[in-house]
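Taken from TrEMBL as is:
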type	residues	note
BINDING	ASN11, TRP12, LYS13, GLY179, SER219, GLY240, GLY241	substrate binding site
ACT_SITE	HIS101	active site, electrophile
ACT_SITE	GLU173	active site, proton acceptor
Amino acid sequence: MTTRKPLIAGNWKMNLNHLEAIALVQKLAFTLNDKDLARVDVAVLPPFTDIRSVQTLVDGDKLQFLYGAQDVSRHPKGAYTGEVSAAMLARLGCSFVVVGHSERRQYHNEDDALVNAKVKAVFGADMAPILCVGEGLEVRKAGAHVEHCLKQLDAGLAGVPAEQAARAVIAYEPVWAIGTGEVATPEDAQEVCGAIRARLAELYTDEVAAKSRILYGGSVKGDNIAGIMAQADVDGALVGGASIDPAEFVKICRY
Ligand SMILES: O=C(CO)COP(=O)(O)O
């Protein structure tokens, strides 16, 4: 049986100023010890402008943290004003890039084709995408949530070969649970995460499915993480609001 090391990733979104960002990483570094980091992978996902500083802290103090970005350009280079390429992020030591977050799908009109192109750009630069899927409230009420998420998964991974897919991190983030305080039940999280793993086995192989880490995201806090992590197919969490509060994030990492 493949054992998957849990991953707790903090998506800071567009929060914190530069000094607060540095202070947060320093607090996490001070609090999380080798035992914690042997048990779980901990990653922070700052805005682009803070990644270089996070890299300096991680390299300078030989911290065991991972880090990544919240978005990436689909283009490799060239005249794309305002864009940041996957190669640029890889050179900054990023391990992960969030792709297809519902906030980008919703506010920046990112469709499945763009999400797929970004997933490929991230793999092409030897990083791992954190591919987000998740349904809105209407879809859930209609009982079509599993189907909806699998469709987003299929589209996000279209044309991605098995050797890359095994590195993918998939995050199930129901839109109705993001920033609302309304966390999914552990059973809800397991239903969709289990379906995602079964689909990875169909799309690729049992081995790919067994290796891929599947996260839950949406109102994860220190007092609800344990039940979610107890589920067979939940390998970690993508944490928003609680990830910029060091005490709360540490509590989550120590679920
Ligand atoms: O969107 C999320 C992480 O990507 C979840 O955000 P919250 O934890 O604030 O609900």
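Backbone N, Cα and C atoms are what each Cβ position is placed from, and that goes for glycine too.
What TrEMBL says about a protein is an automatic prediction, not a curated fact.
Keep in mind that this is a model prediction, so the values were computed, not measured.
For ASN11 (substrate binding site), applying a Cβ distance below 8 Å and a minimum sequence separation of six or more within one chain yields LEU45, GLN70, VAL98, HIS101, GLY217, LEU238, VAL239, GLY240, SER243.
Cβ crowding, taken as the number of other Cβ atoms within 10 Å, peaks at GLY240 among the binding-site residues GLY240, GLY241. Cβ neighbour count within 10 Å across all protein chains ranks HIS101 highest among the recorded positions LYS13, HIS101. The binding-site residues near ligand 1, defined by a Cβ under 6 Å from one of its atoms, are ASN11, SER219, GLY240, chosen from ASN11, LYS13, SER219, GLY240.
Cα separation, GLU173 (active site, proton acceptor) to SER219 (substrate binding site), rounded: 9 Å. Look at ASN11 (substrate binding site): DSSP puts it in a strand. Pairwise Cα distances among ASN11, TRP12, LYS13, GLY179, SER219, GLY240, GLY241, which the record gives as the binders of substrate, peak at 14 Å. For the recorded site, SER219 (substrate binding site), the DSSP three-state label reads coil. Other Cβ atoms within 10 Å of the Cβ of GLY179 (substrate binding site), summed over all protein chains shown, number 12.
Cβ environment of SER219 (substrate binding site): ALA177, ILE178, GLY179, THR180, GLY181, GLU182, VAL183, GLY241 lie under 8 Å away, each six or more residues apart in the same chain. Same-chain residues that are not part of ASN11, TRP12, LYS13, GLY179, SER219, GLY240, GLY241 yet have a Cβ within 8 Å of the Cβ center of the substrate site turn out to be ASN15, ILE178, VAL239, ALA242, SER243, ILE244. Long-range C-beta contacts of TRP12 (substrate binding site), restricted to its own chain and to partners at least six residues apart, with a cutoff below 8 Å, comprise ALA21, VAL44, LEU45, PRO46, PRO47, ASP50, GLN70, SER243, ILE244.
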